[in-house]
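Copied over from TrEMBL:
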SIGNAL    1-18  signal peptide
DISULFID  Cys35-Cys113  disulfide bond
SITE      Arg62  site 'Transition state stabilizer'
ACT_SITE  His66  active site, proton acceptor
BINDING   Asp67, Val70, Gly72, Asp74, Ser76, Glu86  Ca(2+) 1 binding site
DISULFID  Cys68-Cys73  disulfide bond
DISULFID  Cys119-Cys323  disulfide bond
BINDING   Pro162  substrate binding site
BINDING   His193  heme b binding site
BINDING   Thr194, Asp245, Thr248, Asp253  Ca(2+) 2 binding site
DISULFID  Cys200-Cys232  disulfide bond
Amino acid sequence: MACFQYIVAALCFAVVLEGSLSKAQLTPTFYDGTCPNVTAIIRQVLVNASFSDPRIGASLIRLHFHDCFVQGCDASILLDDPVNGEKEAIPNNNSARGYEVIDAMKAALESACPNTVSCADILAIASEQSVSTLAGGPSWAVPVGRRDGFTANRTLANSNLPGFNNTLDRLKDRFSNVGLNTSIDLVALSGAHTFGRAQCLTFTSRLYNFTGVGDTDPTLNATYLEELRQICPQGGNSSVLTNLDPTTPDGFDNNYFTNLQVNRGLLRSDQNLFSTEGADTIEIVNRFSSNQTAFFESFVESMIRMGNISPLTGTEGEIRSNCRAVNSATIRSNSDAALVSSI
């Protein structure tokens with residue numbers, strides 16, 4: 001019954017978005033006639049991947065986030081581009097992962113429904129399945145119909161993506177830049193850190209040198225501080241992983257917010273939602289901590305809103321056959337157009 005409630009809410013919310021926040025006509029029924037098994041195909045690849053990689057769900061939802069925050073939800077993060085590729089942007093380099101699983105999803109879909117499902121939609125559907133199927137969180141009807149972009153933008157990725165050391169004001173600025181709400185969307189989407197892992201390098205400054213004078217972050221729980229120092233000793237391996245949510249690391253629930261209330265947020269950016277004096281996010285953290293249903297409902301709405309950031313639809317963009325590269329016909333077409341314009 002609860003899952004049905006979120007699906008109905010998502011359908012209604014998607015309809016509202018079609019007429020307001022988004023120019024696109026994204027709809028959960030977009031593939032009903034052309035690739036009706038799209039979600040089942042993506043789910044099967046995802047479940048198979050999770051057997052050997054239990055954090056793949058959190059990794060895929062992060063790819064969707066980092067895609068949408070850079071020139072919209074156009075799968076630009078998936079492009080292999082040695083010059084402008086977003087994979088090598090500072091927030092993604094040696095951090096963003098799961099590309100091979102997206103490749104496997106695309107291959108399975110090309111076999112079942114050739115030239116039909118965009119890589120941008122694969123990211124959106126895989127994110128929902130990661131939350132609902134793998135982690136026990138809410139399920140929702142994902143609005144689809146996006147098309148894939150032709151270019152990546154490393155410069156924009158470096159400037160637009162939220163960072164693990166961001167102050168609350170900086171986080172709000174990042175969300176505002178892409179048209180998201182700086183209170184409810186910010187807190188709800190940050191709740192995705194209720195599952196997944198983070199490398200030591202993302203939080204060791206809080207343990208040993210918070211302000212550059214060998215001090216610790218005063219908002220960090222003292223017991224948690226010692227636990228983290230055992231995992232990430234000073235001068236140790238900065239790529240060692242630890243759980244974003246020390247309470248239920250692989251489950252999608254509201255414990256992330258309970259952790260913030262007792263100063264056990266792993267990343268500075270997370271703890272700032274609760275520990276920034278006078279912040280409007282504090283009340284939302286408290287509400288989500290005491291009411292998981294409220295968190296789930298807001299998370300679904302915010303995920304749909306994020307998925308509607310500047311999508312390409314209709315004849316815009318293309319349906320890539322390989323998520324890592326634009327189609328060869330597109331390359332030829334662009335080259336021909338450039339040649340004509342230079343004559």
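Placed from the backbone N, Cα and C atoms, the Cβ positions cover glycine too.
Locations of recorded TrEMBL features on the structure.
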residue	record	Cβ contacts under 8 Å, 6 or more apart
Cys35	disulfide bond	Leu109, Ala112, Cys113, Thr116, Val117
His66	active site, proton acceptor	Ile77, Glu86, Pro91, Asn92, Ala96, Ala157, Leu161
Asp67	Ca(2+) 1 binding site	Cys73, Asp74, Ala75, Ser76, Ile77, Leu78, Ala120, Leu123
Val70	Ca(2+) 1 binding site	Ser76, Ile77, Glu86, Ala152, Asn153, Leu156, Ala157, Asn160, Leu161
Gly72	Ca(2+) 1 binding site	Gly149, Ile309, Ser310, Pro311, Leu312
Pro162	substrate binding site	Phe69, Arg170, Leu171, Arg174, Phe175, Ser269
Thr194	Ca(2+) 2 binding site	Leu244, Asp245, Thr248, Gly251, Phe252, Asp253, Asn254, Asn255, Tyr256
Cys200	disulfide bond	Ile231, Cys232, Gly236, Asn237, Ser238, Ser239, Val240, Leu241, Thr242
**OP:** Going by Cα-Cα distance, pick out whichever of the recorded positions Arg62, Cys68, His193 is nearest to Cys119 (disulfide bond).
**Re:** Cys68
Subject >> Count of other CB atoms lying within 10 Å of the CB belonging to Ser76 (Ca(2+) 1 binding site) >> reply: 28
Original post:
Between Cys323 (disulfide bond) and Arg62 (site 'Transition state stabilizer'), what is the CA-CA distance rounded to a whole number of Å?
Top reply: 17
Subject >> Rounded distance in angstrom between the Cα atoms of His193 (heme b binding site) and Arg62 (site 'Transition state stabilizer') >> reply: 9
**OP:** Could you tell me which of these binding-site residues, Asp74, Glu86, Asp245, Asp253, has the fewest other Cβ atoms within 10 Å of its Cβ?
**Re:** Asp253
**OP:** Mind checking which of Cys68, Cys73, Cys113, Cys232 has the fewest other CB atoms within 10 A of its CB? They're the disulfide-bonded residues.
**Re:** Cys113
Original post:
Rounded to a whole number, how many Å is the Cα of Arg62 (site 'Transition state stabilizer') away from the Cα of Cys68 (disulfide bond)?
Top reply: 10
Original post:
If the Ca(2+) 2 site is taken as the center of the Cβ atoms of Thr194, Asp245, Thr248, Asp253, which further residues of that chain fall within 8 Å of it by their Cβ?
Top reply: Phe195, Thr247, Pro249, Gly251, Phe252, Asn254, Asn255, Tyr256
**OP:** Among the disulfide-bonded residues Cys119, Cys323, point out the residue whose Cβ has the most other Cβ atoms within 10 Å, with all shown protein chains included in the count.
**Re:** Cys119
Original post:
Around His193 (heme b binding site), how many other C-beta atoms are within 10 angstroms of its C-beta?
Top reply: 23
